[in-house]
């Protein structure tokens, strides 16, 4: 969470309310559709909420459909494991998907869509994945 | 006696002589509003640093001397009396020359005139004022929250009210499963009430405990007869002149003779706010506990410091120390926030937590579970430092962990053994073998069987044992849960030196455990483990909530072991089994309706065609299992697609499931000139019997009407080949990466026998194969003789297996599509949370 908090402290941030934490199943995910693409919101067992671009850095599989465990999600297509807080793929895989700062106030969940660090993914391996 | 007390033209006040006893003209006057723990700690510290410096007056709203508020729980539980929790008696106030005015809430502050006025109209001037008004219970604003019988848990009056209610017996509902709520619940239960805890969050004390520890705590409280409802949202408190029930958002109504509201506290800042002091969530103070008025300080739960409010005693005391230093004329002290730890004060339940244990990037978890002793410990480390700790069942090292955490000590050297506690290891703490060597002979190694180090070492040396298995056989150490097998191996290494080579490791289920699939399954059945949390604890999982590999497996094992009893864990299922369709590479889904035995008709085909048109389904393909697959369906369309297919009488084909997929048939004797039996009809019967079952991996059946085998029955998990004299049953085949032709299991004469063998074979596979192991590798692993022994040679066992299969089927044959299309099950799975922009 630290990295996200640092980012949000920078300047005027527009928060968009997207729903209640209770709408996201524990160890589950829901999707917010935006003009910039789908954002997947995840809820951990400890009731933290994270938001990632809904696309695995490997082959853009929808991470919202994966299994959430600890602070990670496993992509449903090829089992890449992605860190919810950063969007980084867990080694040995390499890659990073975009993440969006999340704010939870009471039960209400908001996204700072303007602060999103979206990436067009892409595997950094030499194998030519896009 | 009238006296002019104010040096700055303040109002004339009347005080009696006793109250002015210590009022020398040179002394500054300190007025403390609040006779609680924070205010009085400040006064105590101040008296120690600068005795006699101030003329002190203390106002208390409660009619008691200062008492230890955090010990109210033991008073409620009857473990302590009020006198035992009094911190400072009235004599102490007298002896220190402090004027104590109890039962006198302060109503206002005149900052201009520098006086306070109490409820009874008493006006007292100050040079410095300290506000320590604490906090109030937060009462959730639901209808009925002001009814008599709704009690907070804050002061002695609340405890008295609870004790009076408990004396009459009856039912108590405690709203809030945090520290205070659970202590109240325990106290009321001890006093003989029927107690239900209503908690909004999924696990108890979620701010202090991780879900694993929260679950253990819930189990323990339930064992004590306290009912715990998590995920329960209070909608209303019901009653006319007194509470009678609590109604939850989901409609459940819980009868109640009293309701204890313990959902949290809010700073009591009314006095500061009315006086125009800067306030946020509490009265704002700087690092010297000064408010926006330089002559007014605030301390304790009523303050907001650096945006944070505090509700635990340790930070209050730290604030008090800083403030006392300042009031005593010292400089340089500053309160900069606290690292806190908590302990639940419920006798016999040891819970401790400190710091940040939410995990996250760059952190690592050390998890220790001792199932036999009911111990769970989790340490969270980052960059060689301890970041957080959660202890359940054994909290004796809490203080040690807390000091490491507060000091930010580098714990890299102790990392490998610190989970065992402070006494473990010593100078060579970094070397686990040295730590084992340093243990006394009386140290218990195997908690399950109570085997000490000395016993094991003696067995190793006297009996010449050289392997873990031998130690197991001779001493029973690590023979039960196996949790200590690593320790026993180290003991072997330490005792034998170079003479020991570790046994080849068996492959554990996943990185979360050192146990194999088979060991976990056996434990689930033998030890009656009925939830995933039970398995995590009993089998000493090293992660808080498993991973994407073990969770689906455990979900299956539990479902198989406890049909009708285990509640399927939705979030532990792979997406295809959650969405009841197959995810494709572009994130769309494919939909396959069931065609019993490969049969269809005009109405079904017409309905499929209509669905294809209506939802613009791009690809329609006939599958290898004799069905029709609709590709490219958008997830949000799935329930509507299913509704239309349901309307034409079709149900889910489970093409996505680790379960029964298809029963492929040829037309058989009904049409074919070679057909020997009604293979299509038998295929339909088999599919009707087996559909909906969950299995370790997918299962495909087939029935061929003659040995020409047009249905390719001999490369199926179970294939029936019809012959003139009856039926051949073949098992353990599959196509795919490694094609395997079936083995012939048995020849039978009747359809009834085919069905019984099929049910028995399915159940044997369900109970014995590992998750994601298809029948082909399973049959190769255990051998055909093993299968024959269970099904062919032992008719009794065959019938019992079939009966268990049919029993489990009574819970699994609901069409998941109809539940979602018509009944709205799992609606969230198919809807967006929101659409923005």
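Sequential numbering from 1, following the chain as shown.
Every residue gets a Cβ built from N, Cα and C, even glycine.
So that you can see what the record holds, here are the features copied from TrEMBL:
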| type | residues | note |
| --- | --- | --- |
| BINDING | B:666, B:672, B:706, B:710 | [4Fe-4S] cluster binding site |
| BINDING | B:710 | siroheme binding site |
| DOMAIN | B:29-304 | domain 'FAD/NAD(P)-binding' |
| DOMAIN | B:341-408 | domain 'NADH-rubredoxin oxidoreductase C-terminal' |
| DOMAIN | B:445-493 | domain 'BFD-like [2Fe-2S]-binding' |
| DOMAIN | B:509-558 | domain 'BFD-like [2Fe-2S]-binding' |
| DOMAIN | B:584-648 | domain 'Nitrite/Sulfite reductase ferredoxin-like' |
| DOMAIN | B:657-791 | domain 'Nitrite/sulphite reductase 4Fe-4S' |
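Taking the centroid of the Cβ atoms of B:666, B:672, B:706, B:710 as the [4Fe-4S] cluster site, the other same-chain residues with Cβ within 8 Å of it are B:667, B:668, B:674, B:675, B:679, B:704, B:705, B:708, B:709, B:711. With respect to Cβ pairs under 8 Å, the domain 'NADH-rubredoxin oxidoreductase C-terminal' (B:341-408) is most closely packed against B:29-304, considering the stretches B:29-304, B:509-558, B:584-648. In the three-state DSSP reading, residue B:672 ([4Fe-4S] cluster binding site) counts as coil. Considering other CB atoms within 10 Å as the measure, the emptiest surroundings among the binding-site residues B:666, B:710 are those of B:710. All protein chains included, residue B:706 ([4Fe-4S] cluster binding site) registers 20 other Cβ atoms within 10 Å of its own Cβ.
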